[in-house]
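Have a look at the structure below before the remarks.
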Amino acid sequence: MHESHRIAVLEDNPPLREELLDLLNDQDWQAVGFSRAADFMQAHRASAFDVLLLDLGLPDADGLEVAQQLSRQQDPIGIIILSARGSLDDRVRGLMDGADAYVGKPFEHAELLGYITALLRRKRRQQTEGAWCLQPSRMQLLSPEGRIAVALTVQEVRLINALAAEHPESLSRQQMIHALGEDYRLYDERRLEKLVSRLRQKLLEYCDDCPIKAVRGKGYIFAELIRSE
């Protein structure tokens, strides 16, 4: 089963669009179809997609211009062009205009899934390169650059590990107390607040803005990227 990712299918041929959506949803990816570039761009601005399957012959735009526009964004989406234009010149132009892969029609499902998986793997690797890294076995938290190692207590490791598991969602106080191995009904929440306060002060010795932040009415969140080894 694949980790859930958002994939857009910008294809004006309804039967092919439905075929692609069925293929992607079968992989447990969140696939959304569009026939017009304007509709896709509006949806992408509201909630970014990870990968776009892009047809070149769209009713309201040139697919290559769409690829150019998307490739200039700060966090560009992965783009796979699907086109019956299969000449070498067409493929080279598509790649030069911002596509990550160019797949001719008709295509093999396995080949397309391979390209998508590779793009998602690259995106995941790029995201984790600038992340905090929790190392429970060494009882430490590494800064995103890896230059600073913050020594942690057992309780601090458990707390950060729980926050990392829920990232980017917040963790309730009850969940945090449970992660510490304590019974919420018997645990004094003031102990939790002291633990969080000490941990935040410790992190502030190494960074200007502590990534552990309070969420009003909910609990706490680790507000920056974090992974665990």
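Every residue, even glycine, has its Cβ placed from backbone N, Cα and C.
Predicted automatically and left uncurated, TrEMBL annotations should be read as such.
Residues annotated as domain 'Response regulatory' in TrEMBL: 6-120.
Here TrEMBL flags ASP55 as 4-aspartylphosphate. Within 10 Å of the C-beta of ASP55 (4-aspartylphosphate) we count 23 further C-beta atoms, all protein chains included.
What TrEMBL lists as domain 'OmpR/PhoB-type' is 124-224.
As annotated by TrEMBL, DNA-binding region applies to 124-224.
DSSP states for the domain 'Response regulatory' (6-120), grouped as helix (H, G, I), strand (E, B) and coil, give 52 helix, 27 strand, 36 coil.
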